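Q: Take this structure first; my questions come after.
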Amino acid sequence: MSIKSDKWIRRMAEQEGMIEPFEPGQIRYDSNNQKLVSYGTSSYGYDVRCAREFKIFTNVHSAVVDPKNFDEHSFVDISSDVCIIPPNSFALARTVEYFRIPRSVLTVCLGKSTYARCGIIVNVTPLEPEWEGHVTLEFSNTTPLPAKIYANEGIAQMLFFESDEICDTSYRDRGGKYQGQTGVTLPKT
C-alpha cells in the first residue's frame with residue numbers, strides 16, 4: 001500500500017471527480033489578501049475545508065450520549081462562518097468537499113497542526129473504498145477555554161493510500177449506512 005502524490009490527487013480529482021469542489025494548489029489567502037488556514041492539494045494529501053453547518057453538544061435536555069439510541073436534542077444547530085466550541089466540549093461539521101473514493105483506495109484523515117496546537121482535535125474515521133459523500137468532521141476542544149473553528153478554511157488533511165490488490169467487498173458493495181451522506185450526519189446503527 002503506497003501513499004499517493006499531489007500529481008495523482010490532481011489527476012483523480014480532475015478526471016474522475018474524486019474531490020468536488022477541487023483546488024489543485026494550496027490556498028493561503030482569501031480574495032481580500034487576508035490569511036487563511038490553508039486548504040487544497042499538498043505534496044501527499046488534500047487539505048479539506050469545513051462548511052458553515054455545525055452541531056455543538058449541549059446539555060440543555062440532560063441527554064445521555066448513546067450511539068445506539070442517539071438523541072438529536074444533544075446538539076444545537078448553527079450556520080455561521082465561525083463556530084465557538086465550549087471548553088472541554090465537542091462539535092460536528094462537514095467538509096465543503098464531496099468525495100468519491102476509488103475501489104483500490106483507503107483515505108485517512110489527520111488534523112492540521114494549526115488547530116492541534118490550539119488543543120482542537122479533529123477525528124474522522126477512514127473513508128473506505130467506494131465510499132462517497134461529504135465527510136462528517138468531529139472536533140474535540142480539549143482546552144478549558146472556548147475554541148474557534150473557521151468555516152471555508154482548511155481544517156484537516158486527507159491522505160490517500162492505494163492497495164496493491166483490489167478489495168473483494170467495498171463500502172458500496174456492503175451497502176454502508178453512511179454512503180452518499182450530505183450535510184452533518186449523526187450516528188446510525
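Here the Cβ of each residue, glycine as well, is placed from N, Cα and C on the backbone.
Copying in the features that Swiss-Prot gives for the protein in this structure:
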type: BINDING; residues: Lys112, Ser113, Thr114, Tyr115, Ala116, Arg117, Thr136, Leu137, Glu138, Gln157, Tyr171, Gln181; note: dCTP binding site
type: ACT_SITE; residues: Glu138; note: active site, proton donor/acceptor
Q: Please give the maximum pairwise Cα distance, in Å and rounded to a whole number, for the dCTP-binding set Lys112, Ser113, Thr114, Tyr115, Ala116, Arg117, Thr136, Leu137, Glu138, Gln157, Tyr171, Gln181.
A: 33
Q: Taking Thr136, Glu138, Tyr171 as the binding-site residues to compare, which has the smallest set of other Cβ atoms within 10 Å?
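A: Per-residue Cβ counts within 10 Å for the binding-site residues Thr136, Glu138, Tyr171 bottom out at Glu138.
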Q: If you count the C-beta atoms lying within 10 Å of each candidate's C-beta, which of the binding-site residues Lys112, Ala116 ends up with the smallest number?
A: Ala116
Q: Give the sequence-ordered list of residues that share a chain with Thr114 (dCTP binding site), lie 6 or more positions from it, and have CB atoms under 8 Å from its CB.
A: Val37, Gly154
